[in-house]
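Engineer: Not my notes, these are from TrEMBL:
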type	residues	note
TRANSMEM	32-54	transmembrane segment
TRANSMEM	102-121	transmembrane segment
TRANSMEM	150-170	transmembrane segment
TRANSMEM	190-212	transmembrane segment
TRANSMEM	224-251	transmembrane segment
TRANSMEM	257-283	transmembrane segment
TRANSMEM	347-368	transmembrane segment
Amino acid sequence: MKERLDRLLAREWVAHLVRTAQRFGQRLGSQFAAAITYFSVLSIVPVLMVAFAATGVMLTVIAPDALVQIKDAITSAVGGQGDLSKQLTEIVERAFGSWREVGVLGLLVAAWTGAGWVDNLRQAVRAQMRPEFDVSKPAANIVVATARNLAILLGLFVLVGLTMAMSTVATTLRGLVGAYLHLNGVAWDVTLSVAPVVATLLSGFVLFWFIFRVFPEAHVPRRVLLRGAIIGALGITVLLWAAGLLASAFANNVAAAVFGGTLIVMLYFNLFATLILIVAAWISTDATMRPEPTPIEIAERSAQGPTDYATKELAAIMRAREERESAAMVPRTTAVTAARVSGGAGAALGAALAGLVAAVAAVISGLLDRRRR
């Protein structure tokens, strides 16, 4: 059994999967995915505000007749309820009429939260892909970094929206296209069923190619980048399919429909972030991405100083001890001079004490001689 397991682990693709799982766990992949999920949910509110403002522009500026139809529908639905229909129509009209304030506030908050979301996603991806977990490049200027984050946010927003839209539209239009073109038969059914999957795979491939093209600190080889984008595209296709199944299951349950949408959104964001970080770990543990050990670089690195926390603390303690010892030590010249001075002072003090003792002895001897006489 052990030999069979060793032979299995000796295969490159199995060893690559093991390295990926180890890298994801050691580099706090689950914790980073949870942080990305939090910032993703936080960014939903301003996005909804912008969407509401866009709806207000559509109903009050571009197509005001649609707003009239909505108010007529409200009046007919709650007719006979006194002033309720009038109050509801006024609320709807005021709400959509305030699209300017809602839109400006939503754009500002969305820019702030979105830039933070992109920055956290970048840091999480780089934490998985950099050669050493606790060594990163210096941060760029905050203005430049914010502008770059906003540009990346716009690209990600378009690509993620395109991925979800292509999957939804292709699935919805499958029956309409088949009925309109009279495409009957098993072959056409299979073709129309595969079309949404192909559309999702293509958009997912572009999305992951973009992510791992702009986020890593070091350049990723094209072959590894293409393989990672393919893995990400397959993963997001399965993820969207599972989210659709959950949505259908929650829609058939009245109790689950209350919180089902929120649960699906949070679960989707978490799994999406986890998928990105797993692909990042897979790319970084590829055989072509592993750096060759160079003793010169290691020596230069150690000369610059330690990087981990425990070694830094030990080095600080040793430096403090050396400083105390050097402060307590007296220079050689100073010590010799002090010894000579103290030696001379000691000799003078000894001679003075000897003279004093002799004088006292002479006085005592004189007194004794007088008594004898």
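Every residue gets a Cβ built from N, Cα and C, even glycine.
TrEMBL: automatically predicted annotations, no manual curation.
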Engineer: Please report, as numbers and ranges, the same-chain residues at least 6 past the borders of the transmembrane segment (150-170) whose CB is under 8 Å from any CB of it.
Structural biologist: 111, 114-115, 117-118, 122, 195-196, 199-200, 202-204, 206-207, 210-211, 214, 236-237, 240
Engineer: If we skip the immediate neighbours and take only residues 6+ beyond the ends of the transmembrane segment (32-54), which ones have a Cβ under 8 Å from one of its Cβ atoms?
Structural biologist: 99-100, 102-103, 105-110, 113-114, 116-117, 120-121, 123-124, 127-128, 265-266, 269-270, 273-274, 276-277
